[in-house]
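Asker: The structure follows.
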């Protein structure tokens, strides 16, 4: 049976309920007050065709959204609700997300190109996350009595409060999932949010906003603005009524946001780039390590901040590992993410496509050896990059040092564990890492000494909302996900009382 992908795409677009070129403010879809420019065209990266447009909000729209969120927060609706009451709404949102999973996943696929099974997984994991944070909110005790044995005339408490208006700026690689990683703990803890998703893939966030309204989230708790980072993102970053900023994106943009936040002394979390190392030791179970290494770089077209783009493999097993990687790369089915057989979709945009191609060309020019993949076919429609592996890589090569954000793997060999550790830590980034070995002491050595916020042993890597998401070095600040992430969106007060 032939699948008509054009019909599938048309059905997804027709099923959307968010009006074209709209923002979501105070529980309503609205047009920009004063657009910064013409609407932004949205392109399906698998076909290079324009499938619609989105709003291009100005600073005035940002101000409207923030003022609305601020007034909503100050009113006490939501912020002063008991955690159990907020939890009921969060659980209703989870239920409705599951009911709309095919639509939400389909929107993300036509916006950013990811294969449908991965997009569906994203939506399912987000619904699970709502359930998790519903339980956190329901069971959280924000007031804790602190014993003062040296001050018997006093009683003391630590009390946590929601911060206020949270500004959230998120990327295009996981359009809805990255937004909800920040949004869910923020609203679960009683805050109001102004969300600016990427203008390359904004539709699922707008559709999600309507789900929240229908689930009973009070108007003004979630506001969504769409526009360029230069205009609306910058305005959100420096708005004086923002109490906290949460950003996921590039290191360069993260530095700008940190500078803007500093002007108002606004705390923030930053999840920035990565150049994550994966180490395969001589005693590793290669039947596990090889497919894991392939998945770690080729998943989501390599458009993941934790993509293991540096493979450090023991010289004694290097040939077998490389042969296995070539085999795994050749198994991938490249094509339109709407096709259920596809396992590697296009990268998100022409800009990203050209950037990745330039890295591949740079590696070739610098003498690296391409063992699979390489430059894409020039006549091919769509922003497709073949899964690519380079050996003969030097540590000064761009593909070893810089984040590519595509399905491009750089491989180096090592002789001793100390040498592997030095290679792993020779990076400005410190987000993800992984080690494959059957020796517990080897695993302990690497997990204790790799300079990264997350380390996966004999896997790569478990991403779950129960565990904290942490970037070291230039990979970020603060903590996402888990109860630690929930507490990031709350401020702490010390209360003491004289009791005689």
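Cβ coordinates come from backbone N, Cα and C, glycine included.
Residues or ranges marked as active site, proton acceptor in Swiss-Prot: 271. The annotation active site, nucleophile is assigned in Swiss-Prot to 305. What Swiss-Prot lists as NAD(+) binding site is 249, 250, 251, 252, 253, 254. Annotated site 'Transition state stabilizer' per Swiss-Prot: 173, in sequence order.
Where in this structure would I find these features, and how exposed are they?
Answerer: Counting only same-chain residues at least 6 apart in sequence, those with a Cβ under 8 Å from the Cβ of residue 271 (active site, proton acceptor) are 247, 248, 249, 305, 469, 471, 475, 476, 480. The DSSP secondary structure for residue 271 (active site, proton acceptor) is strand.
Classification of residue 305 (active site, nucleophile) by DSSP places it in coil, neither helical nor stranded.
Within its own chain, residue 250 (NAD(+) binding site) has 272, 273, 403 as residues 6 or more apart in sequence whose C-beta sits under 8 angstroms from its own.
Non-local contacts of residue 173 (site 'Transition state stabilizer') by the CB criterion (under 8 A, 6+ apart in sequence, same chain) comprise 112, 300, 303, 304, 305, 348, 405.
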Asker: Which one of these recorded positions has the most other Cβ atoms within 10 Å of its own Cβ: 251, 252, 305?
Answerer: 305
Asker: Using DSSP reduced to three states, classify residue 254 (NAD(+) binding site) as helix, strand or coil.
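Answerer: It is helical.
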Asker: When you measure from the Cβ of residue 253 (NAD(+) binding site), how many other Cβ atoms are you left with inside 10 Å?
Answerer: 20
Asker: Tell me, how many other CB atoms lie within 10 A of the CB of residue 254 (NAD(+) binding site), whichever protein chain they belong to?
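Answerer: There are 23 of them.
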Asker: For NAD(+), what surrounds 249, 250, 251, 252, 253, 254 with a Cβ no more than 8 Å from their Cβ centroid?
Answerer: 255, 256, 257, 272, 273
